[in-house]
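Pulled from TrEMBL, these are the features on record:
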REPEAT    44-76  repeat 'ANK'
REPEAT    77-109  repeat 'ANK'
REPEAT    110-142  repeat 'ANK'
REPEAT    143-175  repeat 'ANK'
REPEAT    179-208  repeat 'ANK'
REPEAT    209-241  repeat 'ANK'
REPEAT    242-274  repeat 'ANK'
REPEAT    275-307  repeat 'ANK'
REPEAT    308-340  repeat 'ANK'
Amino acid sequence: MATHAMDEGALVGALWEAAKAGNTAETRRLLDDGAQVDWENADGGATALLWAAQGGHTDTVQLLLDRGADLEARNNDGYTALVLAAFGGHKDTVELLLDRGADLEAKARDGYTALALAAFGGHKDTVELLLDRGADLEAKDEYGNTALVRASSEGHTDIVELLLDRGADLEAKGPCFETSLVWAASEGDTVMVQLLVDRGADLEAKDEDGDSALVRAASRGHQDTVELLLDRGADLEAKGSDGDSALVRAASRGHKATVELLLDRGVDLEAKGPDGDSALVRAASRGHQDTVELLLDRGADLEAKGSDGDSALVRAASRGHQDTVELLLDRGADLEAKNTTGKNALALCTNAVCAEVLHNAERIQRWHRRRLWTLWVYANTC
């Protein structure tokens, strides 16, 4: 009995390896020697058919089917032979499986269909075949992605064009309610953005956070994408559900070039989010000195305050951004400005070096005040 079990184990292992390698002759020999066609791999649950389909070994797949392999067998992740073959872009294998009756809409455990995975992988000829066979364009995975959303997220413009030509919903939304346009913009895929806009994508569609494509692109500093969206008419002052405009979002992340572009296009320099932060306050709070300097050069209000009463100086000092503190002081920031708790920059400073900068500024201001007082007294007594 032990010898039989060992022989059986060796036989099944050899069958899997032969199928995986596409060795049709060896697969045939092993089946003739008694290997069971639908033995499952103990680790992943794959049968010989699944291994052969995944590798695109069409001849081996045909042999296994002729020997009675289960066309709809699944591995532990729920993938069928068709789904695996489509994922790999093995068109001939996909065609054979469909001809033999494979379920066109079979879904893996995560909800992926053959069409979705072929689109995700960039396999245009396989996508076209599946569409010709009637695949559901709008089937969604467990995250809510359609084939179009998947293809656009990976930058496969040729597949996106094909899917749209076949009638895919341009405004279909993914797991966070991103349309293909919002997703492409967030990735800075300007070519994809242009394609989608040319096809009529809604420029102002928003994700679950209320971000439009412009706000998403600005948040990540994708200057070229921002420029394209603005050229095509995107709302310059659009805000996310958090109330941040594209300018505030770009400034808070230190995307200076994007901030400059938005300013050149006439964005409201003093627009505030729900926390009352202007672009300047937000940039200062993150220590983005170059962005702070740009905003000041463009006329940003040096003493603008958030709803907590923090000025740019108070915010920069409270986070220990020494270089930004020095810049703001050089530009004349009010050292005595206080927030809603009654504390100024010096009281909130978080490190010794920054505190020393503020102390020096305070001493200089006191000296200037004494000098002005002395000059005033002298002028009024002489």
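Glycine too: its Cβ is placed from the backbone N, Cα and C atoms.
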Worksheet item: Counting only residues 6+ away from its ends, which parts of the chain sit with a Cβ under 8 Å from the repeat 'ANK' (143-175)?
Response: 110-111, 113, 115-124, 127-128, 131, 137, 181, 183-184, 187, 189, 191-192, 195-196, 199-202, 205, 207
Fill in: Per-residue pLDDT averaged over the repeat 'ANK' (242-274), given as an integer
95
